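Features as listed in TrEMBL:
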type	residues	note
DOMAIN	271-475	domain 'TM7S3/TM198-like'
TRANSMEM	268-285	transmembrane segment
TRANSMEM	292-312	transmembrane segment
TRANSMEM	318-339	transmembrane segment
TRANSMEM	346-366	transmembrane segment
TRANSMEM	378-398	transmembrane segment
TRANSMEM	410-432	transmembrane segment
TRANSMEM	457-475	transmembrane segment
Amino acid sequence: NAGLLELSLGKFRNVLLNRTNPVEAVIRNIASNVTVVIFQVHAQQSDVVISFDKNPSVNSSGTGVDKGLVSILRPQQSICTWYLRSLDAGQVLSTAISIPYMEKDPIPGGCNLEFDLEVDPNIYLDYTLVDTHIKFAPANLGYTRGANPPSCDSGTGQNSRWRLHYDVYQYFLPENDLSEMVLMSHIRKMSEVQSIKANGIKMLTLTTDDKTNVYFSSLPGQGVIYNVIVWDPLWNTSAAYIPVHTYACSFADLVDNCSSLSKLSTKVFFTVLAVLGLFTCYFGHRFWKTDLFFMGFIFAGFFFFVFITRVTGLGYDVRLMLTAVAGITGGLFVVASWWRFGSVLLCMFIIGLVLGFLFSSTVFFTPLGDYRVFRDDVVFWVTFSSVALMIPVLFVGCPRILNILASGIVGSYAVILAIACYVYTSLAYITLDLLRRVLNDYFSRAYTNVPFQTNDFIILSVWTMLALSGVTVQLRRERSKVPFPPHPYLTWKRERERRSTNVLDPSHHIPPLRERIHNKLLHIKEFFQKEQPAGERTPLLL
């Protein structure tokens, strides 16, 4: 027998569902001015089935973690009934609510032509590690009980559904919290119109001329709730679709699930990079060659990873290993170029470019990056490159300041990237969203808004403290010293010529390298020889 769940309009109820015993949800004493009731149920990760009948059919039911049905009330009808069950054998915690709407309120999904339900208020969501896609059916105008619904294709004037607007909202769950009860409590904030406006972040507004689908940047491990409010400007009335949530990851996978997203190779790579970055943050200018190696590693590694991802189908771990090799090669090449040519200007251009890329990525990490004009790739990359090149140009007259700033800021950000491998932080998306845009042709259509909660403020404070202290320490230590070390190759040549021509220089009389090695080997050989006994070894002369 089906269990009975008595509901009240606008009130949430938590309910345990299973596969064998469906639950009958009933609402009684519905007021006569209510024309539509939207019933919805939500679970965290297990699919539930919601239907009008005990025996669900395709056209009268929905299956998923966030599903709802629209009941169009008949004249004199005061009772509504729905049936709920889960697809799992075990018990599934879910929360249910029914929301009433009046005759002037628009009907979400009332002009559905794509999905199975005749009136479909659901938002359909799918995701990859890169982006999250939501789509929904267009709404229709409201109408009184017993009347025929307005035609969905009777023109595009102000008396048709074409006057409706759609506001898309986003809401972030608390960071690093994957519990069911947290989801259940927060999804209530995104179910009714006034609560959505009070708690959600309005991302964009669509008109009926726009396609009813939107893309967002995926945030694996971070819970996000999406919903849409349809607004009728003539009557100034609104209605909400069924909220939908995602963590952009799987709870069921044994490896790389929502609880352990970072691969071991990623942790090793960025932990080593963080150690080098922390050293560079405080000692980069003093240990000039180490600083050059660090910047060259980042510069070469980034572009090589983009190249190898674009042109090959290698696995992630292999690509990361090859990127590390390419980064080391690039770092050594920059150091060797400095030793041979000694061009401070060329080295500072590379260092300034790395800092410029980080600065430009930070600019587009702000809400500025979601402006519609930057959906165009040409506009985006021209603006991004201009901002990035502005850094080395502005500091062309003071290369020491530029190098100290770059080593302090970039080195400390490497520490932040390592922290992001162990604890979620939105600051990692400063550079990750740039990498996604380089690697994916269609990422430009995605909105890249991210949460900024207590965890992020703490890590931002750590980044700021590291960067400021690193820059300050280096400026104070290097203020009385020469800006940069002398040209190493020319210095070596001058020393060699001086030793070969100045006979009074003690170094002129230093034996050749081969002779010095031979003498060292003789000393080692004598050390292991057996000591001869003392005394006369020759006959006495008489």
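Counting starts with 1 at the first residue shown.
A Cβ is built for glycine as well, from the same backbone N, Cα and C atoms used for every other residue.
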Notebook entry, point to check: Against which stretches of its own chain does the transmembrane segment (378-398) lie, if we need a Cβ under 8 Å and a gap of at least six residues from its ends?
Noted result: 348-349, 351-353, 355-357, 359-360, 363-364, 405, 437, 444
Next item on the list: For the transmembrane segment (268-285) and the transmembrane segment (346-366), check the count of CB pairs under 8 Å (sequence separation 6 or more) and say whether it reaches 3 or more.
Entry: no
Notebook entry, point to check: Should the transmembrane segment (292-312) and the transmembrane segment (346-366) be scored as in contact, given a threshold of at least 3 Cβ pairs under 8 Å and pairs 6 or more apart?
Noted result: yes
Note to self: Within the same chain, where does the transmembrane segment (346-366) have neighbours whose Cβ lies under 8 angstroms from its own Cβ atoms, ignoring anything closer than 6 residues to its ends? I mean 6 or more beyond.
What the structure shows: 291-292, 295-296, 298-299, 334, 337-338, 374, 380, 384-385, 387-392, 395-396, 399, 402-403, 405-407, 409-410, 413, 429-431, 433-434, 448, 450
Note to self: Can you tell me which parts of the same chain pack against the transmembrane segment (410-432), counting only residues 6+ beyond its ends and a CB-CB cutoff under 8 A?
What the structure shows: 175-176, 217, 219, 221-222, 262, 266-267, 270-271, 273-274, 276-282, 284, 294-295, 298, 354-355, 358, 361-362, 365, 448, 450-452, 455-456, 459-460, 462-463, 466-467, 470
Next item on the list: Determine the mean pLDDT over the domain 'TM7S3/TM198-like' (271-475), rounding to the nearest whole number.
Entry: 92
